[in-house]
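**Student:** Pasting the relevant annotations from TrEMBL:
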type     : residues : note
REGION   : 86-117   : region 'Disordered'
COMPBIAS : 98-110   : compositional bias 'Basic and acidic residues'
REPEAT   : 226-276  : repeat 'ARM'
REPEAT   : 276-311  : repeat 'ARM'
REPEAT   : 318-360  : repeat 'ARM'
REPEAT   : 402-444  : repeat 'ARM'
REPEAT   : 443-485  : repeat 'ARM'
DOMAIN   : 619-648  : domain 'BTB'
Amino acid sequence: MRRALLSWVSDDVRNEPPAIVVVVECAVLAFAPNPDLFPQTPLPDVIHSNLQFHFLPPSFSSLSVNLSKHSVPSFSRSFMELQRRQDQSLSQRKGQKRKLDEEQHHEDRQILPAPPTADERAALLSDVAEQVSILESTFTWNEADRSAAKRATHALADLAKNEDVVNVIVEGGAIPVLVKHLQAPPLSDLVQHPLPFEHEVEKGSAFALGLLAVKPEHQQLIVDSSALTHLVDLLKRHRNGLTSRAINSLIRRAADAITNLAHENSNIKTRVRMEGGIPPLAHLLDFADAKVQRAAAGALRTLAFKNDENKNQIVECNALPTLILMLRSEDAAVHYEAVGVIGNLVHSSPNIKKEVLLAGALQPVIGLLSSCCSESQREAALLLGQFAATDSDCKVHIVQRGAVRPLIEMLQSPDVQLREMSAFALGRLAQDPHNQAGIAHNGGLVPLLKLLDSKNGSLQHNAAFALYGLADNEDNVSDFIRVGGVQRLQDGEFIVQATKDCVAKTLKRLEEKIHGRVLNHLLYLMRASEKGCQRQVALALAHLCSSDDQRIIFIDHYGLELLIGLLGSSSSKQQLDGAVALSKLANKALTLSPVDAAPPSPTPQVYLGEQYVNNATLSDVTFLVEGKRFYAHRICLLASSDAFRAMFDGGYRPKKASSGNGYCSPVNKARSEVVPV
C-alpha cells in the first residue's frame, strides 16, 4: 500500500491542491513505522519538501483514507537484497533517455550498484518468472487481477531501473506479457464500473518496456512483439474527450517508450511512422499537460534525427507553429525539448530551415540563449549556428537581434559543451564581414583566444574557426595584436590537423593586412600606448610585417629597441619571445635583402699538396716577381682563375705590363713559361 502511495506521489502529487497532497502524505507516513512492509523504500524528496510547507487543516484531523483494496505484494528475499544494494547508492538510475527528466537530474553524480552475483541472478530470474506468471494469468477486468497486474508491472519496472538486471528480465520472458498488457482486457457485461485500475496496468507496462529499451539489443525484440501498435494506440487514449491524471501519465509513458525504442535505431524510427505514430505525437504538442507536451516533443525529437521522411511528416502535421510557441514556455523542460525538435528538423534540411525561419523561430531561439537551463542554451546556440551556416542575410539578422552578447558570455561558461556550441555559432556568424567588427567590439576576441588552450579538439577548432573569421576585418587586426593574439596562435598546441591549418591561414590573413591604415595604427600604438602594448605590437610586427616596412618599423619607430629590451626582462617567456622575434627579423633580412644575400660559391680549386708549392720539380709555370722566381702549376691556375684560363688558352704576345715594370712571355705549351709580375 505504501508503495502504491509512493508511486502516485512521485508521479503526480505536484499537480494536486495542497489539502489532497497532505492527506496522501499523511497516509504514507502512517505506514512508515512498519519496517516489515517495505523496509528499504525511502520517502521521495517531494514528500519531504511538501511536509515543510503544508499543514493538515483542522477539518481533516479525523479523516481516514481507505486504501484496503491495495494489497502488499510479496517479494522474495533476493529482490529485497538487491533493493537494499540499490538504495545504498546515492540514487537509483532511472534509465529514461529523455533529458531533463525530474527523476534523474542528479544522474552524473550517481554511484551505480554492482551487477548481481550468480546466486542473485538465479534468484532474480525466479522473481521475474513469478511476475511474468502473474501477468499471464491476470488479463481480465477482475479487480483483484487488475491490482495484481499493476503490482507486477511496477515490480518489473523497479528491477529494470538497474541496467545490470535488464538482461535478466528479458531472459525471464517479461517482454511478451508486458506488451500484452499495453492493451486493455476485453470488456464483458459482468465488468464493474468504474473500471478498476483503468489505464494503470497499461501505464506500468509502457514504463517497464521503456526501461528495457534502454539497451539497444532489446529494442527490436520489443518492436517485433507488436509493442509499437499498442503504444501508438495509447497515445490516442484522450480522444474520447476524457482527461485524467491516469490518462496523462499513461500517454507520457507511452511517448517515453517510443523515444527509447527509436533511440539511434533508424529502422524503428521508420516503423513508428509506418504505424501512424507521428500524427498523434504532433497533436499532443497542444496538450494541456506540460509533461505530456514534453514527452511528445521528446519522441518527435528522436524520430526526426537523421530521418528525412519523418522530418517531412512532422512538418506536414503542422507541428512547427506549436513547437515555436513552446520555445517561449517558462517550463525549461518544455522549451528544451522544443528547440531540440527544431534543431533536428533543420539539420541537413535547407527547405525545412527556411520554413522554420518563416514561421518566426529566430527571435525565441535567440531568447533561449539567456535561459536558466544550460541544455536549452546549448541547443539554441547550435540551432543558431545551423541557421547561419548557409544564409548570409540570416547571419546579419541573428546579430542584429541581440545574439552576440549572450553567445560571448557563454564562451566563459564552466560547461564545456556550452562553450563549444557558442564558439560554433560565433564561428558561423564571423564569416560575414558585417558581423566581424561587432563580435570583436563586444569582447569576443579574448575568450575565443583562451579557448585555444582547451584540451577538447572540437572546442579548440570552433574557436580557431571563429578567430579566422574575425581576422578578415581590418578593424580587428589592431585589437587582435594588442591582446596578444598573434603569440597565442603561434604558441598554441593544437590537437587536430584541421585546427593547425586554420591557425596558419589566420596568421597569413593577418600578415596580408599589415599595410596602410592598419600599419599606421599599429605604429601609433607602438609609440603612444603603455609599454606592454608597445612590446606586443613589436613582437607581432616582427613576424607579420613585410621586408619593405622593416626599416620604418624597427629603426624609425624604435621597434628594435623594444625587442632588445625584452631580452633583459625578468620573465623567461618575454626573453624567449624577444629572441624569437629578433631571429625572425634577421632571417627575413638575410632571405629578402639582395645586399645582404650570401655570396655565390667560389670557383672550385685544385690542391696538389704542400710538397708542390713553389717547387721547381715538375713546375710548368714560373712567376718572376722583382727578380725572384716562384714556381706554379698550370692545372691549378686554370682551375682557380678565369684570367689565367684566358691567358693560357688564348695565346698571349709579349707586352709591357700596365705598371711598366714587367712583361709576359709568349705562350709556348711545350715548355715552362716565365710570367713576370
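From the backbone N, Cα and C atoms, a Cβ is placed for every residue, glycine too.
It should be emphasised that the depicted structure is a prediction, and the values quoted were computed from it without experimental measurement.
Could you place these features in context, so I can see how deep they sit and what lies close by?
**Tutor:** Sequence-remote contacts of a segment are chain residues at least 6 beyond its ends whose Cβ falls under 8 Å from one of its Cβ atoms, and for the repeat 'ARM' (276-311) they are 98, 228, 231-232, 235-236, 238, 243, 248, 251-252, 255-256, 258-259, 262-263, 266, 269-270, 317-319, 322-323, 326, 329, 331, 333-334, 337-338, 340-341, 344-345, 347, 349, 352.
Residues in the repeat 'ARM' (318-360) partition by DSSP class (helix H, G, I; strand E, B; coil) as 31 helix, 0 strand, 12 coil.
When pLDDT values are averaged over the repeat 'ARM' (402-444), the model yields 96.
Packing against the repeat 'ARM' (443-485) from elsewhere in the chain are residues 404, 408, 411-412, 416, 419-420, 423-424, 426-427, 429-431, 433, 436-437, 492, 494-496, 498-499, 502-503, 505-506, 509-510, 513-514, 517-518, 521-522, 525, 529, 533, 536-537, 540-541: each is 6 or more residues past its ends and has a CB under 8 Å from a CB in it.
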